[in-house]
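Structure record follows, encoded as structure tokens.
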Amino acid sequence: MARFVDVALPVPLDQTFTYLTDGREPQVGARVLVPFSGQRLMGVVLRAHDEEPTTGFELKAIQQVLDDTALLPPELLRLAHWIAQYYVAPLGEVLRGMLPLSAEVRRTWLYRITDTGRKILHEGAEKGSSRRSRLSPEDQNREYAVLNRLESGEPTRMATLRSATGASKALLEGMVRKGWLAREAEAAERDAARTERVIVTVPDVRLPKLNDNQLAILAEMAGAGGELSAAALRRNLRERTAINADGALVPAPIPDSTVATLIRRGILRAEERPLSFHLGGVHAPGKKHAHEHTLNPGQQAAFEAIHAAMQRAAAPAQQPADASPAGFAPMLLFGVTGSGKTAVYAAAMRSALDLGRSALLLVPEIGLTPSMAGQMHAAFGHDVALLHSQLTPDERAEQWHRIRRSEARVIIGTRSAVFAPIANLGLILVDEEHDGSYKQEETPRYHARDVAVMRAKLLGIPIVLGSATPSLESWHNAERNRYRLLRMDERVGNRPLPPVELVDMREEFRQTGEDALFSRELITETRATLNRGEQAIILLNRRGYSYVVMCRSCGERIECENCAIAMTHHRPAANSDLHAHAGERLECHYCGALRRVPQKCPHCQSEHLYFYGAGSQQGEERLQAIFPEARIGRMDRDTVRGRADMEHLLHRLHAGEINLLVGTQMIAKGHDIHGVTTVGVVGCDHALGLPDFRAAERVFQLITQVSGRAGRGDAPGRVIVQTFHPDHYAMRFAAMHDYVGFADKEKQFRRPFLYPPFGVLTNVLTLSETMGEASEWAHRLGQHLHSAANPGVRVLGPAPAPVSRLKRIFRFHILLKADTRQHMQAALRRLLHFADREGVPRRNLVIDVDAISLS
Ligand SMILES: Nc1ncnc2c1ncn2[C@@H]1O[C@H](COP(=O)(O)OP(=O)(O)OP(=O)(O)O)[C@@H](O)[C@H]1O
Ligand SMILES: [Zn+2]
């Protein structure tokens with residue numbers, strides 16, 4: 001037995017820690033609790049050995065072994081090592097990110113009867129309890145009760161046994177010592193029974209005479225496909241609106257008791273379902289699910305390429321324990337908006353299952369695209385597990401263990417699902433691979449898309465990155481044949497991509513003399529759309545009412561007290577009890593700070609405060625004034641706080657209850673609403689001016705994606721983009737639906753400056769509560785970087801970060817660009833050593849490899 005174990009701990013130090021095993025040798029990959037500078041920390045065992053450490057410190061012993069077997073399989077341990085190396089992140093922090101949350105540490109015991117136990121039970125049954133025992137007769141009876149209870153062989157939880165038999169924990173442990181029972185740890189069993197109430201329309205009932213409210217409920221249920229969680233239904237009924245005799249939209253709530261009446265009359269039915277299986281029911285009535293389509297030739301070709309790659313990967317039999325990268329097959333599925341990528345994903349995952357493998361689908365944010373999870377649920381039923389950030393720690397643990405026990409073989413999740421402990425993984429899909437939410441913005445600062453590629457490589461399996469607007473990084477890889485390019489250039493059903501018109505807002509001003517928010521063109525087109533009974537979407541990519549509050553006298557903007565960020569003005573919400581922050585206020589969108597709208601300028605006491613820059617809230621108000629008859633909905637962080645809000649909004653859109661939608665970039669995310677024919681883009685220009693080399697790429701992506709929402713049904717679509725920079729190449733190529741043209745142009749700008757994908761980028765930040773310290777550290781690191789021999793590395797800065805203060809922390813940064821990853825990693829290791837020597841605390845240093853946000 002090994003005397004020592006090396007443990008990775010979640011502390012910002014790039015090393016592991018050695019502990020004495022004290023006779024309890026945990027498996028590599030198991031979790032342990034250990035003492036660490038006065039605390040008890042959970043760590044993961046990486047190595048067991050007999051090499052006496054030479055540090056001279058007195059070694060401590062592990063306090064508790066939490067898992068009998070490795071919680072993380074070797075595959076994920078290898079991935080963790082890669083991440084720690086690649087992102088220059090402490091291994092313990094990487095591992096912590098891989099495991100379900102610490103709620104998991106509370107574990108339960110399962111007891112099982114042994115052969116000895118069975119023998120005792122049978123002897124007792126024959127002879128009565130005549131054995132010699134030090135126990136009281138009551139306790140002896142309890143022991144028999146326990147054995148009886150376990151006789152079937154089913155492992156049973158301690159709590160269940162205790163309440164069923166009255167046995168104490170000590171009594172059970174005594175039985176384990178005598179060898180009558182075996183005990184094993186099982187952390188997740190306790191959550192298996194979590195359920196929720198779902199309301200279902202009973203099919204084929206003859207309807208009795210119903211009143212208006214009852215009919216409205218049935219319509220609501222039909223709109224949701226005949227099935228809705230009780231909570232969602234209750235909420236939809238509470239917030240229901242109707243059009244009154246004057247044509248105005250008025251609140252028309254329906255009491256919950258009406259649902260109960262319908263259940264009593266056998267028209268609806270309530271069912272208890274395991275919680276994890278309600279995956280979002282937003283689906284337009286009559287619309288087919290992704291897996292129900294017969295693939296068109298473009299989809300079929302993409303599918304066949306993926307299928308063939310899976311078959312090749314499956315060929316060598318020794319996976320995954322001895323994975324060779326032979327089956328690794330990265331593919332970029334470049335399919336225009338509305339080309340039907342979801343159906344390709346569904347078909348590919350189906351064939352992974354047919355080959356006896358599991359499949360992982362990563363999505364940017366489940367809350368924003370509930371229909372993706374819903375589609376996969378429709379296709380794969382209870383084979384699906386969901387992992388996303390809105391789960392409670394217990395729910396998360398439950399899903400995690402379902403996956404680990406291979407009860408779910410189709411795993412859908414956001415960023416951290418890339419670490420799901422999936423056995424026999426055969427395919428990884430990354431939807432909307434360009435999406436910024438795949439990047440984790442705290443330690444370990446990994447990019448889930450890139451980690452997914454590495455996981456596929458370590459396992460030797462295919463991976464598909466899908467997008468209508470691939471990141472330049474992925475595109476570059478496809479161009480250099482590192483990724484196989486699969487293209488779908490056509491929309492399904494031969495639908496055309498919508499024509500995009502750029503409206504020059506400078507010209508608009510010259511002609512009208514007015515600084516209008518909406519151009520005449522957009523208003524005319526929107527009116528025509530609404531009159532035709534179609535739907536329109538307008539993007540206003542800032543939330544709130546006005547995003548700048550400025551003093552006319554001194555010119556100062558009102559900034560957040562905690563952050564170097566202008567505050568946004570919010571007006572009271574119309575139906576204010578729905579929102580956490582009602583009332584008129586200023587809000588910081590970085591730290592959430594609120595303050596009252598001041599009467600006077602805080603700097604010069606002038607009373608002339610000026611509010612400008614329309615956000616989505618103001619957009620909604622102005623649109624309502626222009627189109628009083630329109631049924632307007634708003635989609636932004638103020639109206640959509642969770643998945644239920646999003647589902648509710650989408651549901652009303654599909655049902656046509658909303659015919660004009662205004663919102664932030666949330667409206668651009670993958671929604672497939674067939675009635676939308678017109679899309680307007682207002683005020684995207686500011687993003688072009690941001691100090692970030694990806695600004696043009698982001699604007700191109702946003703315009704292309706939001707344009708992609710138009711014309712997905714039978715009627716053709718049309719897009720109107722208002723801009724002050726109609727000649728900017730991001731605008732021009734987006735208007736022409738020319739991704740390749742955009743990428744070529746963009747590369748010309750990036751290549752000479754060694755920006756990704758031509759170079760490797762790292763943003764190094766120093767953080768401190770005092771400006772002096774942050775600045776001084778940055779300058780010392782800067783000096784080191786400028787003077788050290790770091791071949792192939794260019795250094796920009798130090799300088800205050802674009803957001804120079806965030807949540808009261810001052811921020812300086814240095815940008816590093818390198819020709820190769822090796823050069824970058826060498827420079828970063830040297831930098832960390834230097835920082836360590838100079839006493840710059842690791843906590844105050846951010847090393848953001850492949851940084852996505854430079855602010
Ligand atoms: N073979 C097919 N025939 C007809 N319709 C199809 C077919 N495949 C998919 N569809 C439908 O086409 C629409 C668009 O599909 P989907 O949402 O998957 O597009 P997408 O490629 O993901 O687009 P985006 O990038 O804009 O999200 C959906 O309504 C889907 O049901
Ligand atoms: Zn703030």
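Cβ atoms are placed via backbone N, Cα and C, with glycine included.
Fair warning: this is a prediction, and the values are worked out from it, not measured in the lab.
The Zn(2+) 1 binding site annotation in TrEMBL covers Cys551, Cys554, Cys601, Cys604. Around the Cβ of Cys604 (Zn(2+) 1 binding site), the number of neighbouring Cβ atoms within 10 Å comes to 12. DSSP gives Cys604 (Zn(2+) 1 binding site) a coil state; it is part of no helix or strand.
Annotation source TrEMBL lists Zn(2+) 2 binding site at Cys560, Cys563, Cys588, Cys591. Its Cβ taken as reference, Cys563 (Zn(2+) 2 binding site) is surrounded by 22 other Cβ atoms within 10 Å in the chains shown. Following the DSSP three-state reduction, the secondary structure of Cys563 (Zn(2+) 2 binding site) is coil.
The domain 'Helicase ATP-binding' feature in TrEMBL is assigned to 322-488.
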Query = For the Zn(2+) 1 site given as Cys551, Cys554, Cys601, Cys604, which other residues of the same chain have their Cβ within 8 Å of the site's Cβ centre?
reply = Arg552, Ser553, Gly555, Glu556, Lys600, Pro602, His603, Gln605, Ser606, His608
Task = Sort out for me which one of Cys554, Cys560, Cys601 has the most neighbouring CB atoms within 10 A, since those are the binding-site residues we care about.
result = Cys560
Using Cα positions only, nearest of the binding-site residues to Cys604 (Zn(2+) 1 binding site) (Cys560, Cys563, Cys588, Cys591) = Cys560
Inquiry  = Around the Zn(2+) 2 site formed by Cys560, Cys563, Cys588, Cys591, list the extra residues of the same chain whose Cβ is within 8 Å of the site's Cβ centroid.
reply    = Glu559, Glu561, Asn562, Ile565, Met567, His589, Tyr590, Gly592, Ala593, Leu806, Lys807
Remark   = Cys591 (Zn(2+) 2 binding site) -> DSSP, reduced to three states, gives coil
Request  = Just jot down the residues in the same chain as Cys588 (Zn(2+) 2 binding site), at least 6 apart in sequence, with C-beta under 8 A of its C-beta; none if empty.
outcome  = Cys560, Asn562, Cys563, Ile565, Met567, Thr568, Leu594
Query = So of Cys551, Cys591, which of the binding-site residues has the fewest other Cβ atoms within 10 Å around its own Cβ?
reply = Cys591
Inquiry  = Between Cys551 (Zn(2+) 1 binding site) and Cys591 (Zn(2+) 2 binding site), how many Å separate their Cα atoms?
reply    = 23
Task = Around ligand 2, within a Cβ distance of under 6 Å, which of the binding-site residues Cys551, Cys554, Cys560, Cys601, Cys604 show up?
result = Cys560
